[in-house]
Amino acid sequence: MTPRIASLRAGVTRGRIELSHAYTNPQEVFQYLFWPVIFFVVMLFMRGSTVPGTEFSLAASVLPSVIGMNIAFGMMGVAGVLATEREDGTLLRAKAVPNGMPAYLIAKIIVVTGMTAASVALILVGGLVLFGRDLNPGVGGWFTLVWVFALGMVAVLPIGAAIGSLLTNPRSMSLLFLPLGGLISISGIFYPITSLQGWIQGIAQVFPVYWLGLGMRSALLPGDLVTVEIGESWRHLETAGVLGAWAVLGLLLAPPLLRRMARRESGSAVEARRASAMRRVS
Amino acid sequence: MTEVSELSEEDPLARPPEDGTVLDVCDLRMRYGSTDVLGGIDLTAQRGEVLCLLGPNGAGKTTTIEVLESFRMRSDGWVSVLGTDPAHGDERWRAGIGIVLQSWRDHGNWKVRELLAHLGSYYRPYSTPRRPRPIEAEDLINRVGLTDQSEQRVRSLSGGQRRRLDVAIGIVGNPELLFLDEPTTGFDPQARRDFHDLMHSLADDDTTIVLTTHDLDEAEKLADRIVILAGGRVVANGSPAQLARQVTRDAEVSWTRGGQPFVHATPEATNFVRELCAQYGEEIADIEVRRATLEDVYLSMVHRHEAGYAGEAAAEFHKREVQP
């Protein structure tokens with residue numbers, strides 16, 4: 001068995017074990033269920049409302065965008081995990097075993113993808129049960145859903161890893177939620193982007209959140225609703241282009257940043273972080 | 001990802017080198033800005049040797065170990081660990097090294113056996129007939145005394161149990177060279193005794209062990225050789241007995257004669273006692289001969305260094321080292 005295959009196999013095993021821990025650990029399950037559940041509660045209240053001028057349920061029209069938003073959260077998932085596990089010494093252990101680092105990263109990709117897929121599936125199943133009348137993607141729709149999800153993960157995970165490798169401690173994660181929240185509010189997740197001013201639309205279209213939402217809407221919503229989108233088009237080509245560009249950018253940035261982060265790990269670095277975290281607690 | 005280099009690595013006997021030198025450090029220096037943290041360290045360790053680094057806080061023990069582990073880049077000097085410069089150590093080199101880290105909250109969700117079996121799997125491709133890898137989780141759990149905890153989550157272990165787990169993780173790859181940075185902090189006396197037994201059994205299997213500690217008694221029990229660091233320099237290096245002789249060749253003889261206590265310092269304790277008995281016969285009682293302890297050596301060396309005689313102390317050592 002060559003080292004490369006060994007580390008791939010170890011990474012997959014590690015990812016599988018950590019996923020099973022995550023699915024059975026109440027605290028983590030709560031974290032991942034929190035937003036989908038809040039969303040369903042809101043949707044239940046919105047049950048009666050329809051998209052203005054149509055018979056289409058308002059809640060069902062928002063659901064695909066929420067799925068897109070959840071994919072974008074995968075970025076925060078990776079960044080948060082790296083910051084946390086650098087502080088608690090998990091990363092240093094990975095560095096201390098042969099081929100530990102690549103295996104560690106493979107495992108994190110599996111875990112975050114698995115958890116994101118689970119929350120997406122949850123929203124999707126719940127949505128189909130509640131709004132099956134409005135949401136009925138055909139074969140083409142399912143196909144779009146799969147490729148947007150896959151490309152979306154490839155776009156957000158490396159960027160998340162790059163951000164995570166720059167964070168000095170898990171507390172700085174909260175600084176990231178602010179810009180992400182701002183981005184979500186201008187990315188046409190909860191109301192059509194075309195109701196915003198042109199320059200704001202321009203900013204939103206630089207980032208993946210808008211395109212993930214658009215991709216999911218194109219997969220799940222009936223064709224008539226395209227009229228509220230920019231250019232009255234689902235713009236699949238542009239979606240693939242922008243998400244692809246983010247993927248390339250992330251894959252270029254992440255490896256050197258992760259190597260830099262790994263190089264700096266040492267027992268005394270972990271010890272120093274532990275000491276500073278302890279001061280914070282006491 | 002590092003590829004295994006082609007350099008005769010197929011031969012498991014190629015390392016450690018033929019002469020049995022596992023660790024060879026020459027004039028290791030570490031500089032942060034204008035501060036010299038390490039001012040030229042020389043160290044060697046032979047296969048199966050237990051080397052103990054002693055020194056006050058800030059002496060450079062941890063920095064030295066981290067350079068040897070390849071966790072830190074040195075500023076200057078020549079370093080060879082298992083025949084390779086740690087700055088260029090590949091994954092095969094890494095597989096030969098065990099590191100006992102201080103755990104904190106990592107892997108809290110994992111079960112003890114699950115974690116050891118998983119971390120062991122990384123070493124399997126590097127197994128050789130001479131060094132089968134990894135050590136089976138079950139065996140390891142028994143050796144470190146976690147049999148009753150093997151299905152517990154790491155998070156639920158007590159401090160001492162976690163420390164045992166750290167040691168188990170350090171040796172799961174059946175390393176040729178094991179580093180431990182203050183391994184017994186927080187151990188109760190029984191755990192400490194178990195740990196010492198484990199270290200002795202590893203050394204018997206030709207594992208070279210490098211550890212730092214503040215516990216002089218522990219160093220005396222474990223170490224084949226003790227290196228005392230102070231201010232980023234080696235101020236003493238030798239077996240516990242050699243070091244003791246270095247501080248003073250005199251032993252302290254105490255006795256009582258006719259109920260009255262006496263003390264006398266002499267380099268020839270045995271002869272002195274013989275003559276004493278010959279002279280006074282049965283009047284002599286309570287004879288005790290006390291030689292310098294490691295604590296005496298340590299305090300004296302560190303004191304000499306702090307008094308600014310680091311160079312002299314080291315030079316004196318070299319002078320005395322050649323004597324039997």
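Backbone N, Cα and C atoms are what each Cβ position is placed from, and that goes for glycine too.
Automatic prediction, not curation, is the source of TrEMBL annotations.
Annotated features in TrEMBL:
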- A:59-254: domain 'ABC-2 type transporter transmembrane' (DOMAIN)
- A:29-46: transmembrane segment (TRANSMEM)
- A:58-83: transmembrane segment (TRANSMEM)
- A:103-131: transmembrane segment (TRANSMEM)
- A:143-167: transmembrane segment (TRANSMEM)
- A:173-191: transmembrane segment (TRANSMEM)
- A:240-258: transmembrane segment (TRANSMEM)
Dominant neighbour of the transmembrane segment (A:143-167) in A:58-83, A:173-191, A:240-258, by Cβ pairs under 8 Å: A:240-258
The transmembrane segment (A:103-131) touching the transmembrane segment (A:29-46) per 3+ Cβ pairs under 8 Å rule: yes
Cβ-Cβ under 8 Å with the transmembrane segment (A:103-131): same-chain residues at least 6 beyond its ends: 7-8, 10-12, 14-16, 18-19, 22-23, 28, 32-33, 35-36, 39-40, 43-44, 47, 57, 59-60, 63, 66-67, 70-71, 73-74, 77-78, 81-82, 90-91, 94, 149, 153, 157, 160-161, 258
Residues of the parent chain within Cβ reach of the transmembrane segment (A:58-83), under 8 Å, 6 or more residues beyond its termini: 35-36, 39, 42-44, 46-47, 49-51, 91, 108-109, 111-113, 115-116, 119-120, 123-124, 127, 130-131, 134-135, 148-149, 152-153, 156-157, 159-161, 163-165, 167-170, 172-173, 176-177, 180, 184, 188-190, 208-209, 211-217, 219-221, 225, 261
